[in-house]
Amino acid sequence: MTLETYTQTRLETATIGYPRIGKSRELKKALEAFWRGKSDAETLIQTRNEVEFKNWETQRQAGIDRIGIGDMSLYDHVLDWSIRLGIIPERFASFSGLDRYFAMARGKDGIAALEMTKWFDTNYHYLVPEIPETLQPADFSDFLQTVHRAQTLLGDRAVPIVLGPVTLLRLSRLEMNQDQAGKQLGDRYLLLLQELQKMGVAEVQIHEPALVFGDAANFKQLYQSTYQSLSQVGLPIHLVTYFDDLGDNYPWVMELPVAGISLDFTRGRNLELLQQYGFPDDKELGAGIVDARNVWKIRPDSVLSTLEAISRVTPNLRIQPSASLQFVPYDAQRETKLPEPLRSVLSFAEQKLVEITLLADWADRSYGTQEPDKYLEVILRQWQTFQEFSPVNQGVKERLQNLTSQDLERTLPYEQRQERQPVLPPFPTTTIGSFPQTSEVRQLRVKLKRGDITQAEYEAAIDAEIAKCIQFQEEAGLDVLVHGEFERTDMVEFFGQQLSGFAFTEHGWVQSYGSRCVRPPIIYGDVARTGPMTVREFKVAQSLTDKIVKGMLTGPVTMINWSFTRTDIPRSKQAMQIALALRDEVADLEAAGAKMVQIDEPALREGLPLKPERWDEYLSWAVDAFRLSAAIAKPETQIHTHMCYSEFGDIIGHIERLDADVLSIENSRSNNETLFEITDAGYKHQVGNGVYDVHSPAVPSTEQMVQQLKTGVANLPVQQIWVNPDCGLKTRGWEEVIPSLKNMVEAAKILRQEANLTEK
Ligand SMILES: Nc1nc2c(c(=O)[nH]1)N[C@@H](CNc1ccc(C(=O)N[C@@H](CCC(=O)N[C@@H](CCC(=O)N[C@@H](CCC(=O)O)C(=O)O)C(=O)O)C(=O)O)cc1)CN2
Ligand code: MET
Ligand SMILES: [Zn+2]
């Protein structure tokens with residue numbers, strides 16, 4: 001008996017979003033072929049529709065009663081809603097159709113793309129709506145067509161997913177005043193609901209995750225008036241929240257005039273709130289009890305007691321995942337290379353659908369059979385087997401127990417370290433680490449996996465890439481070089497593959513942005529380093545040049561935030577275990593001659609809890625973990641860190657506490673804002689000013705970067721400034737990277753001259 005054979009269901013079940021890149025990344029491939037001019041729009045749309053259709057069919061066959069539909073997207077669902085609602089900035093006025101869609105997503109002909117940033121506390125990126133002074137006409141036709149197709153297959157089980165008006169507004173940049181924007185958008189949503197009503201849909205899901213933000217109370221009146229107005233249409237609205245609890249806003253949210261409300265019971269304290277305040281009799285509760293943000297099967301003991309507690313408060317409920325399933329891969333069954341005790345407790349989207357129906361049956365006592373119990377028994381036994389299998393590392397445990405505060409402290413303060421660290425020209429230029437991951441480089445790994453080439457041949461080919469990369473950087477005149485990260489599939493997966501206690505999948509892709517995906521590794525036991533991870537490639541690179549090559553590591557917090565973590569010990573402990581492994585790597589790099597080591601922490605900010613009252617707790621261990629990995633470095637060794645997609649104004653004290661010698665930041669898509677936040681706060685260490693947007697195929701001109709540098713660094717002492725792209729270059733082609741970096745070096749030279757500074 002396996003879980004996969006379970007199909008019956010009584011109590012209602014629902015989904016609130018599904019993975020959309022395709023089980024074999026069909027949409028990714030179609031998009032990239034289209035962008036390269038290798039296929040046409042019709043083929044792209046056809047692939048999109050096929051992926052969507054398969055998603056619906058999977059959910060239908062799993063027996064889901066209320067299937068969320070309309071979340072499928074060619075790039076990003078927030079962009080889709082911006083365009084449907086007519087939120088189109090002036091600079092895209094001359095484009096239309098798919099051209100305009102992808103121009104807004106990726107930039108075109110020197111026109112900047114929309115800003116891209118993290119979706120709540122996930123590793124998914126959305127495009128920030130820019131609400132212009134005047135909106136373009138709304139056009140919901142693509143959405144309504146999708147709804148129509150879904151109705152054909154699913155009938156009343158098709159529940160359209162609409163991104164909520166207040167969340168959309170909360171995430172936007174505004175040129176119009178907020179009240180006016182709220183009112184205009186409200187009118188457009190009203191029209192949409194009327195259309196859906198006419199089509200005979202049974203209910204609509206409106207997603208308002210912004211209700212879990214710490215500042216949700218500021219929008220109370222807007223929520224109230226908007227939903228008052230939308231409720232007039234008469235179409236039952238199911239208001240969906242996720243990622244955290246409703247906090248103090250719980251009571252008034254319950255009063256909103258909607259037919260149902262979904263709550264996340266896997267994060268925050270919604271259960272407590274439900275028990276304290278009750279749940280309105282006239283509403284249906286969407287009980288998000290299957291974790292959509294992690295890959296583990298349900299733990300029968302805890303999930304059943306949660307479910308029981310919920311049912312005691314309200315019998316009027318449906319069972320569903322805690323959020324959209326887009327944050328987990330499609331199917332754990334495909335991971336046949338994983339050890340069985342591990343695979344048997346993994347649950348990706350397809351397995352989660354089964355768990356939902358199982359829990360629905362279990363909860364519905366009138367069903368009167370023992371079937372669900374038998375299946376739950378099986379899961380319990382699988383967990384027991386896993387428990388015995390999961391690696392325990394006594395050495396790591398002891399090392400952590402014996403840590404002292406000195407282990408987190410560099411031996412000298414920043415000012416004294418700086419005197420001992422390498423001397424460089426003013427406005428030193430560098431890159432963030434990765435160079436183009438061309439299809440030739442990826443093919444090398446495919447060949448290695450297939451056994452077409454040996455490990456030695458693979459390494460020789462990687463070394464040839466490193467040599468080419470070093471040579472180019474020298475020619476371009478960069479001051480601090482990198483090896484290029486050609487040996488890495490991904491900055492997190494690569495380290496996961498080399499650490500014990502981590503498992504990695506073959507097909508476990510999750511969309512990160514647009515066509516880009518990641519395969520988050522899975523932490524399933526104590527983590528330990530089994531040997532040096534990056535030293536070989538560092539040495540190869542450093543042997544080829546007299547310039548300094550930065551060692552390149554992914555930091556402990558980013559490893560945690562971009563992996564699927566275990567649920568039996570706190571994330572802080574897992575981060576510290578990884579930090580120990582990185583600490584040993586820093587020492588090894590130093591011993592191999594590294595004068596600079598960069599420890600990337602792009603996910604530090606995104607891991608911040610959505611409610612500010614929980615920030616200190618998180619930042620306290622997150623910063624400690626970074627310090628544990630870095631503090632082993634000698635004062636002469638310069639520690640760099642890199643963060644993209646981050647705002648720092650509100651956590652600058654903690655950024656200072658990281659005690660990195662150089663911090664490189666994103667600064668181009670956000671219009672220097674990130675830099676201003678840092679300089680305003682009086683940050684004393686060096687700052688790498690991310691002067692060009694690596695996520696756009698456009699080549700930045702020298703003048704543009706000179707301008708960016710001048711306005712950006714006006715308030716920062718020259719000794720503090722570095723010049724670099726805003727992130728790694730792995731997604732770009734060499735034909736873009738070569739001129740871009742040459743222009744960047746040129747821009748730094750112009751600044752040196754203008755500041756009347758000559759190279760020492
Ligand atoms: N984990 C993580 N999160 C992150 C980032 C990040 O770098 N890592 N950066 C930000 C997001 N940026 C990102 C930037 C690029 C990619 C990215 O390029 N992903 C690649 C996959 C990287 C990878 O694992 N590559 C494998 C190859 C996987 C593959 O597709 N192989 C082909 C065959 C190879 C080929 O012919 O190209 C296949 O299996 O069919 C490798 O290099 O070996 C992609 O979508 O294409 C992802 C996120 C924030 N979050
Ligand atoms: C998402 S941050 C990326 C940092 C990494 N060193 C790179 O250059 O790709
Ligand atoms: Zn980055």
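Numbering starts at 1 and runs along the chain as displayed.
Backbone N, Cα and C define each Cβ position, glycine as well.
L-homocysteine is bound by ILE432, GLY433, SER434, GLU485 in TrEMBL, and the record lists one more residue there from ASP331, ASP588, ASP600, ASP616, which is ASP600. TrEMBL lists region 'Disordered' at one of the ranges 412-432, 664-684, namely 412-432. CYS727 (Zn(2+) 1 binding site) is 8 Å away from GLY433 (L-homocysteine binding site) when you measure Cα to Cα.
Mean pLDDT for the domain 'Cobalamin-independent methionine synthase MetE C-terminal/archaeal' (427-749) in this predicted model: 95. Taking all protein chains in view, 25 other C-beta atoms sit within 10 angstroms of the C-beta of ASP600 (L-homocysteine binding site).
Secondary structure at HIS642 (Zn(2+) 1 binding site), taken from DSSP and collapsed to helix, strand or coil, is strand. For HIS642 (Zn(2+) 1 binding site), the binding-site residues whose C-alpha atoms fall inside a 10 Å radius of its own C-alpha are ILE432, ASP600, out of ILE432, SER434, GLU485, ASP600. Here GLU485 (L-homocysteine binding site) is compared against the binding-site residues CYS644, GLU666, CYS727, and the shortest C-alpha distance is to CYS727. Helix first, then strand, then coil: DSSP counts for the region 'Disordered' (412-432) stand at 7 helix, 1 strand, 13 coil.
Among the binding-site residues GLY433, ASP600, CYS644, CYS727, the residues whose Cβ sits under 6 Å from any atom of ligand 3 are CYS644, CYS727. The secondary structure of GLU666 (Zn(2+) 1 binding site), as reduced to three states from DSSP, is extended strand.
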